[in-house]
Each structure stands twice: as structure tokens, then as C-alpha cells.
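Annotated domain 'Multidrug resistance protein MdtA-like barrel-sandwich hybrid' per TrEMBL: 64-198, in sequence order. As annotated by TrEMBL, domain 'Multidrug resistance protein MdtA-like alpha-helical hairpin' applies to 103-172. Residues annotated as coiled coil in TrEMBL: 141-168. The domain 'Multidrug resistance protein MdtA-like beta-barrel' annotation in TrEMBL covers 213-302. Look at TrEMBL and you will find 307-365 tagged as domain 'Multidrug resistance protein MdtA-like C-terminal permuted SH3'. Taken from TrEMBL, the feature region 'Disordered' covers 373-394.
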Amino acid sequence: MPTHSHRFPHPGLALALLLGVLAGCGDEPPPAVAVPDIPFVTVATQDVSIPLDVVGETIGSVDVTIRARVDGFLEGIHFKEGTFVEKGALLYTIDPQPFQAKVAQAQAMLAQTRTALVKTRSDLARIRPLAAMNAVSKIDLDAAVANYEAAQNQEAAAKAQVQLAQLELGYTQIHAPEQGLIGLSQAEVGDYVSQSNNGGLLNVISRTDPIGVRVSITERGYLEAVRRLAASAERGKAEELPPRTLQLILADGSLYDHLGTPTKVDRNIDPTTGSLTIEAEFPNPQNLLRPGMFARIRFDADAIKGAILVPQRAISELQSVHRVFVIKADDTVEVRQVRVGPRLGSDWVIESGLQAGERVAVEGLLRLRPGMTVRPRPAESGDLPPVAEGGRNG
């Protein structure tokens, strides 16, 4: 049977074939890099009004704490919680019996001292003529005078004890010292109320017309607010307007019907927070507002002529440095550092770094690199967020 020998091709031939294959592969062009489609907005200038908003809460223009001034068991509550009470209205009754007993005891002591006073007065009246005739010694006269004066002092002390006992008895009936809205009671009927327990706190009455609003404002915001209030006062004089310059934004975003007036400013900046406390008052004739509600005070809007606005989503921030991606005339990307100003809705006011007519990318920022080429297209309404209310925050 013939044998067949398996022989490999010549090494040179194999190398030539391999080089040919590789050369054929090298003739294929590399895949084209896709040019990203990037929405942009064209920078334009416009006149805008920037409000200064400061967050706070409503408070009573007068808040009066109701406290038990004597210790005892609470016998009666004479109001409905969360309603308006008139000044002088009976609110609470503390069991008066122990204090009635103190009054009776003090009156009995007063009667005893008066009896002693009558006796010492009679003794002195009898001894004085005898002393004048030297029928009794001067020592006896001095003793009679001392006894009479001591009886007078004891009567005065007993009178004071009666007054104190009657005063404490009066404290068992607690009346409203101020007209206003009363809160939830801190004690129930049958509870033992004591000044040593939370200072005897029973309730709080708040005057709600006008209603107060307390805010904490930054030092920079305070200086801005003072400037705006001064400008508003000048406009008010020129237009003969009343000195009410503040608006109130409620928790649902609605604008309160009445304007307000600043009433109090703390004397110093809090060093721990860097903020200053300001209070204002707003008319509240329908008692719509109650203490503890969220609210924002808005100072007069500040007009900026020729402001440059850029959507917030077009701005990237890294370590407090703000940048935008500018699409140049040759459709290449440039990273530009900008300085932002106040927020207005969904836009930032750009104070420096951009000029009118430049194109700024608003989408796909993570894909952009300096110098890369893009296919720009004007941003449509779906590319931009809805307009929201905003302004400077104090």
C-alpha cells in the first residue's frame, strides 16, 4: 500500500499569504465618528425684574402666654380651643377652696390683731394722764407706747396677709389678658397645675390682625433689602402711596392680598448662622393667616437692564465654578467660565462670561469635550424645563 507523506507549505509562501491578508484588511476605511446632535439656545438680552424673597413663618403680632399663678387642681376650662377669645373672658378655673380657707384664716388673724390693737390703745390712753402726774413710772409709759405700736404693726401685717390671700384666690380664675386666637390647652380638667411644672404654662393667645412674619436674612440679603426699601420709600413719596412695601407669598405659591410693613430688626447678626432676624406685619382682617404658617416675604423687585438669561440646566458647576458649553461659529465646542447672578424662574442671570448672540448647549453636556465638533440645532420647548417662579434669596 503506497504511503502518502503530508508536507507543509514552504514557510516563505505562508508568510506571503499572511501579509497579503493583513494588507487587504488595511485597505478598509475606519468607521466614521458620529457627530452628536446638540440643542442650543441663542443668548439674548432682556430687561428683567428680580424679586428678593426671604423664607420665614407667621407669628402673632402679640403672643401672650397664659400661666397658672397659683398651684392647684384645674377645675374648669371655659373656652373652645383654636377659637378667638375676647379680652377679659374667663379661660380657666383652679379649685378655689384651699384659697378660700386661706382668706378666712387671714381674716381671723386680722380680727385678733385688731382686738389687741384696741386693748393697747386703751392701755396707753389710761397711762398717759397718770404719767403726766407722775403716778406711774416712765418705764410703764414706754411699755404701753411700745405695745400699742407693736399692735399697729401686727394689724398692718395681718391686713397684708388678707390681701395676699384674696389675691391668690383671684388667681384661681384666669382671664384672657388680650383679645386673639387661643391655642390648644396644655392641661386638662383634673390636672394639678404648678409653677414648678413648665412654669405653669396653660396656653398662648396670639393677636392675628395684624399678623406677624419673622424671617432670617443673610447679611448680604439684609443690605439688599435695605437698599430696596429705601428706593421703595422714595417711589412711595413721589406717588403718594402708603408705606407698605412688602409682599407675602403663601405656602401654596399664591400672593397674599395685603401688603406689609417691616416692624422690627434685630440689633446684630447672629455669629453662628450669619443671619439677621427681621419681623414684619400684614393686615389679616379675615384671619386667614395663623401663627406657624410657612411664608415668604418679597421685597420690591429690582430691575436689571439688558440682563443675559441662560437656562439653569445649561450650566455645570464644579467646586463653586460655573461653566457653559459655547458652540462656536465652526460648530466646535468651547468651555466657558461664567459668573452667575440671581435666579429667575428656570434661568440664571449671567453677570459675566457670555455675550448676546452666542450659542449655548442645553442638552447632552456630559458628552461634550472642548474642541469637538457637534451638529447644533435650536432647542425646542421639550428641551427646556417649565418656567418657575424665582428670584434672589435672602
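Every residue gets a Cβ built from N, Cα and C, even glycine.
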DSSP helix/strand/coil residue counts for the domain 'Multidrug resistance protein MdtA-like alpha-helical hairpin' (103-172): 63 helix, 0 strand, 7 coil
For the coiled coil (141-168), mean pLDDT (0 to 100): 95
